[in-house]
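Q: Quick one: the structure is below, and I'll ask about it shortly.
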Amino acid sequence: MGSASSRYILTEVPKYATPVAEARGDSCKTYDYVIVGGGTAGCVLASRLSEDPKVTVLLLEAGKSHKGILPSRIPLSFTKLLNSEFDWKFSTTPQKKLDGRRIAWARGRVLGGSSTINAVIYHRCAPEDYDAWEKQGATGWGYETMKRLFLKAEKYLPEAHSTVGPSHHGDSGPWKVRGVPLAPASEMIVQACENAGVRRLPDFNTDEGTLGVSAFTAFIDEKSERSSAATAYLHPGVLQRPNLTVAVSITTERILFTFDADGTPRATGMVVSTADGAPKYQVRAAKEVIVCAGAIGSPQLLLASGIGPAAHLAEKDVIPLRDVPMVGENLLAHFSPGAMLFRMKPGTTWDYLYSPTSTVVGLLRWLVFGTGPLSTIGGQVGVFVRSDDPRLRSPSRGPIADRSSGPKAPDIELATAPMTVIARGTVKPPPGTHGITMGPILLKPQSKGRIRLQSANIWDPPLIDPNYLATESDMNLALECMRITMRIARSEPIASKLDLSNPPTKPVFDEFWPTYQDPDTVSDEDLKTWLRKWGTTAWHPTSTVKMGASPATSAVDTELRVHGVHGLRVVDASVFPDQVSGHPCAAVIAVAERAAELISMSTS
């Protein structure tokens, strides 16, 4: 099947584009819709728009095909994709509150985008997140609309071990979702949360919301393989459509425009190339250009094409075609004070998987039977709480602004793993190490950053400044987040399994430092010292081409059309009016499903 479908994914540019020198009049290859970015949203749009045999669609992806990438197929192996050829390998500007460190930001550079390299977690986030979008001006994007789209996209696969009820899930969509079996250490984490006062939920993805602790569902298919946007929406039957062209290893350098009679710019195509300085080609869009390059790539491409804050464009020697002040602004990103590792007594965790023998046995078990640890995900259990929960909050905490979407929506997540995870799993722990990992995450920080051009050359990475911990409230939320994590780790049955046999004689702010800290007595200064060293991204950047009603406060309208520009839409996490309180992959797919409906309606 792989080879049959692979021949429909093009790498030879002349097959779908025209050399710039020859792109005159009707000689330029033309499609009704050209989609820039074959990531999570782009795959959905290419599939849905090409359902209409009367239109032609071209999908352009800068990275390679998703075919044949074994670590992507294996649900537990996503960390092997970080800092690989399938990762854009972005990094932030130096962060003042993190000792001037640059933080690595992984984003998928492959067909399927981040859905091909991420942690495989299916999470709709809090219903109130989407009702808050509507309140901020995104009319038609409330929870009831998003719920319909979640169900439209999903094909839930009931599992014997799962507590998830099929009544809350879709059964006929292309995107396969299922429950996952829990490791013993993950079940201990659930019980410890319950004993700390966190309610246990059977399923995060219901109308009741996400406050509580539960096993995650994951986008995994019947063969225990990742069901990415590429595998789900660009299956062989879709790739063989004569009106769909999918091209990889091609970068869009800039969007091309003409001007309507009233002076409004209209997107008509783009210039593409395989490398900086390589021959340039052109393609034309008869109806629309749809940018799906993600929360980093989409604003960068718009800016490099002359759409954005006029002053910044002039500063970078880009001719401003339309002054859209909010392009690149309002960068929102989840922040983690750091993965907190807790030493455990032997026999309770999955650290044995780091041994070469166990790795081979696990791989064979997955390949032959589709079972074993490799068939599940590392982040098996999620914990979503509010920082103002009286059962968890610290009596002496500093003031924290309530940025949550509502009283049933969380502002803190604890992402957990039943094993020791150092440096995102890219570093093996020392032999004999046993531990669990609990990563506290700020879901709704106040701090906002921005995306800016480093230069007018699209091949130069953009300047990414998330502006972490810029407010006192965010710092207080980070400290509270850490204390809650420690409090749960000090609850049974984890507490009696902690290995406290060899505490350091003086403060050693390493990954295992949290093991030995009492959440009620550890000082704020020690917590700040630790997070300045280990604080990092929890990924999930959004809102850099924000959706809304007014050009003064947003970059695209509620139909995802760029303000003041014709024939140009943006469809990805960059259009979120606000950050969601969880893992956004399902939300991105739902946004793309909605965009396909809007585009089809506008055409008809």
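Each Cβ is built from the backbone N, Cα and C atoms, and glycine gets one as well.
Relevant sequence annotations retrieved from TrEMBL are reproduced here:
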{"type": "BINDING", "residues": "VAL110, TRP539, HIS540", "note": "FAD binding site"}
{"type": "DOMAIN", "residues": "294-308", "note": "domain 'Glucose-methanol-choline oxidoreductase N-terminal'"}
{"type": "REGION", "residues": "388-411", "note": "region 'Disordered'"}
{"type": "ACT_SITE", "residues": "HIS540", "note": "active site, proton donor"}
{"type": "ACT_SITE", "residues": "HIS583", "note": "active site, proton acceptor"}
Q: Who are the long-range neighbours of the domain 'Glucose-methanol-choline oxidoreductase N-terminal' (294-308) in its own chain, taking Cβ under 8 Å and residues 6 or more past its ends?
A: 36-37, 39, 88, 90, 105, 107, 113-114, 252-255, 257, 265, 316, 318-325, 327-328, 331, 451-453, 456-458, 462, 464, 541-545, 555, 562, 565, 568, 570, 572-574
Q: According to DSSP, how is the domain 'Glucose-methanol-choline oxidoreductase N-terminal' (294-308) divided among helix, strand and coil residues?
A: 11 helix, 2 strand, 2 coil
Q: Would you give the longest CA-CA distance, in whole angstrom, between residues of VAL110, TRP539, HIS540, the set recorded as binding FAD?
A: 17
Q: Between the Cα atoms of HIS540 (FAD binding site) and the residue listed as 'active site, proton acceptor', what distance do you get, rounded to the nearest Å?
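A: HIS540 (FAD binding site) to the residue listed as 'active site, proton acceptor', Cα-Cα distance: 7 Å.
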Q: Across the domain 'Glucose-methanol-choline oxidoreductase N-terminal' (294-308), what does the mean pLDDT come to, as a whole number?
A: 99
Q: Using DSSP, tally how many residues of the region 'Disordered' (388-411) sit in helix, strand and coil.
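A: Counts, helix then strand then coil: 0 helix, 0 strand, 24 coil.
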Q: Please report the number of other Cβ atoms within 10 Å of the Cβ of TRP539 (FAD binding site).
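A: TRP539 (FAD binding site) is surrounded by 18 other Cβ atoms within 10 Å.
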Q: DSSP three-state call for HIS540 (FAD binding site): helix, strand or coil?
A: coil
Q: Quick check for the class: what is the C-alpha distance, in angstrom and rounded, between TRP539 (FAD binding site) and HIS583 (active site, proton acceptor)?
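A: Computed Cα spacing between TRP539 (FAD binding site) and HIS583 (active site, proton acceptor) is 9 Å.
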